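Per TrEMBL, the features are:
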DOMAIN    25-260  domain 'Serine aminopeptidase S33'
ACT_SITE  SER107  active site, nucleophile
ACT_SITE  ASP223  active site, charge relay system
ACT_SITE  HIS253  active site, charge relay system
Amino acid sequence: MASEYSYLVTTQGVKVFYCEEHPDQEKGIVIISHGYAEHSGYYLGLMQFLVEHGYGVYALDHRGHGHSEEERGHLEQFEFFLEDLDAVVNFIHEKHPMLPLYMFGHSLGGLIAFHYGILYPEKLEGQIFTGAAVGKPVGTAMIPDFLFEFLNKYFHRYKIYQVLSQRATRNLEVQKHSKSDPLLLEYATVGFYYEFIYRGVNAAKRKVENYRLPCLFLHGRADRIIPYQSSAYIFDRISSEDKELKFYDGLYHELIQEPEREIVWKDILNWLENRVWRNIS
């Protein structure tokens with residue numbers, strides 16, 4: 001079950017890095033959309049778990065993250081994330097035309113996945129979200145929109161440094177690894193946050209009723225980065241007939257890294273199993 005690594009060139013000419021793992025016999029495919037600052041390498045544990053249970057898994061590095069191209073920590077248009085993700089999804093469908101495809105999104109990756117699910121519902125059988133950034137991060141909710149616009153206009157490329165590891169997970173090994181990981185972003189520009197928080201989150205709330213895919217929302221009640229109430233707000237307003245929401249007491253933002261991560265992994269697997277067999281039957 002060794003991981004394979006490669007690059008896919010998008011229609012914009014951007015080289016997007018991805019890794020993949022496959023079992024001998026596949027019953028479905030899962031594509032992983034990672035969170036802010038991190039990269040696909042943080043999902044190897046979840047990937048291996050899903051592969052052991054019969055799912056092929058792809059995980060990309062979003063542009064400006066990990067091994068993918070474009071300026072690190074900067075973003076000119078939120079829609080570029082969606083275009084890159086769509087290129088990988090289309091690539092997967094070409095390789096596995098007969099298998100159902102599901103999407104997993106965490107934090108910023110969850111926000112990207114949510115928008116993708118609204119744009120291209122016909123390309124997916126369902127989506128799973130953990131700590132999805134479908135609401136503004138802690139400490140930013142009170143910033144008025146006009147201030148976001150002002151800062152983006154005059155300080156577009158100003159770098160904001162943040163250390164999130166201790167607030168993201170209680171897993172000490174992950175915290176230690178994050179401090180020495182050369183691929184982990186140390187900063188993002190004002191322009192990046194404008195596209196992420198101002199445009200991305202606000203657009204998700206405006207379009208929430210257009211979301212109709214089968215979905216599973218998971219969130220830690222002790223999340224100190226994205227309030228768990230954000231998932232509840234979105235969950236109550238989406239138009240999906242098949243939707244589930246679960247909170248975990250005491251768990252932080254990075255649910256799949258927490259000491260109790262195997263509980264979360266099993267919840268993800270159970271949700272997939274209940275739906276993949278519907279597609280097969």
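Including glycine, each Cβ sits where the backbone N, Cα and C put it.
On the 0 to 100 pLDDT scale, the domain 'Serine aminopeptidase S33' (25-260) averages 96 in this prediction.
Counting in whole angstrom, the residue listed as 'active site, nucleophile' lies 8 from HIS253 (active site, charge relay system) by their C-alpha atoms.
A separation of roughly 5 Å, to the nearest angstrom, links the Cα atoms of ASP223 (active site, charge relay system) and HIS253 (active site, charge relay system). Here HIS253 (active site, charge relay system) comes close to SER107, GLY131, ARG167, ALA168, THR169, GLY220, ASP223, ARG224, ILE225, ILE226: these same-chain residues lie at least six apart in sequence, with C-beta atoms under 8 angstroms from its C-beta.
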